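Residues or ranges marked as domain 'CS' by TrEMBL: 5-94. According to TrEMBL, the feature transmembrane segment maps to 150-170, 241-261, 281-304, 324-343.
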Amino acid sequence: MENQVLTPHVYWAQRHRELYLRVELSDVQNPGISITENVLHFKAQGHGAKGDNVYEFHLEFLDLVKPEPVYKLTQRQVNITVQKKVSQWWERLTKQEKRPLFLAPDFDRWLDESDAEMELRAKEEERLNKLRIESQGSPETLTSLKKGYLFMYNLVQFLGFSWIFVNMTVRFFILGKESFHDTFHTLADMMYFCQMLSVVETINAAIGVTKSPVTPSLIQLCGRNFILFIIFGTMEEMQNKAVVFFVFYSWSAIEIFRYPFYMLSCIDMDWKVLTWLRYTVWIPFYPLGCLAEAVSVIQSIPVFNETGRFSFTLPYPVKIKVRFSFFLQIYLIILFLGLYVNFRHLYKQRRRRYGQKKKKVH
């Protein structure tokens, strides 16, 4: 009677370029591991689930792999790395759809496709940064300068928005609703400073100083500065309206948590309470801020119509007067499109930080 073939427990995981196999056999010496015709052959003497025996298995891969497996022996297992011929994500390991009974996911190394893509991009970015930094100078010096620069930028913005937020809060408790109507005259200079300085944030994202995406930063920069400089700054009739208070308050309420979070990130610190606030406070305040901005635009339309500011007449032979209020109505549509883009971006950030646990895989 022929001896029954014993198969060890095998656990697998993948990246876009590699496959990882972990064979649960201890005390293995000189295993037979090869790949022929896209099939991995394994045979070794070792101690497994059925005691000290010869174990073997064969796996036909889903797609083409390079025929040079690399393995490493430890006291408790055999680790095998196989290179894919084409860098891509596989839906399963084997050509046969039904998973072999001895094969299971390696949850210690398992990543979803999106996480693996992020890891791949991070490694590639790290490699390119390393090459760039090596050609430019000492990595430690450049990193320290970059962190120091970002720390100071975020500190200045934090102090500016904190001054605005505290000033508005104190004035509201002392003066009540009366504080609404002189918000602009009291705080405009500091808000001008902070919003002009925020141009640096978009430039940092554009040139790669920070990893933040450019589009959400640019949308926020243009939207806020349009409200501040055009709607409020050019129209004295708008500067004493209560809506200025709500716009300034919603902006500063978000930034007094966002900037200190970035400050601590520069020195590799993570304060859990601050992190939670940074990823949560925007949920009520960001839509409220956009709503307040929309109200300010709507309130400014009759003012621009009455004064005729920024309106113009098309040249002969058309001679049609184009009111600035027409562009404000278009801006209202753009405002809510920007709300969708930024809200989606912020939601994805929060989900990555506090998202659901990964689903089980087969």
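From the backbone N, Cα and C atoms, a Cβ is placed for every residue, glycine too.
Not measured: the values here are computed from a predicted model.
Remote same-chain partners of the transmembrane segment (241-261), defined as residues 6 or more beyond its termini with a Cβ less than 8 Å from a stretch Cβ, comprise 154-155, 157-158, 161-162, 164-165, 168, 172, 177, 179-181, 183-184, 187, 191, 194, 224, 227, 232, 274-275, 277-278, 281-282, 285-286, 288-289, 292-293, 295-296, 299.
Under 8 Å from some Cβ of the transmembrane segment (324-343) lie the Cβ atoms of residues 215-216, 219-220, 223, 226, 286-287, 290, 293-294, 297-298, 300-302, 304-305, 309-311, all in the same chain and six or more residues away from its ends. Each residue of the domain 'CS' (5-94) gets a DSSP state, and the totals for helix, strand and coil are 0 helix, 52 strand, 38 coil. Within its own chain, the transmembrane segment (281-304) has Cβ neighbours under 8 Å at 223, 227, 231-232, 235, 237-238, 241, 243-244, 246-247, 250-251, 253-254, 257-258, 310-311, 323-325, 328-329, 331-332, 335-336, 338-339, 342-343, 346, counting only residues six or more beyond its boundaries. Confidence across the domain 'CS' (5-94), taken as the mean pLDDT and rounded to a whole number, stands at 92.
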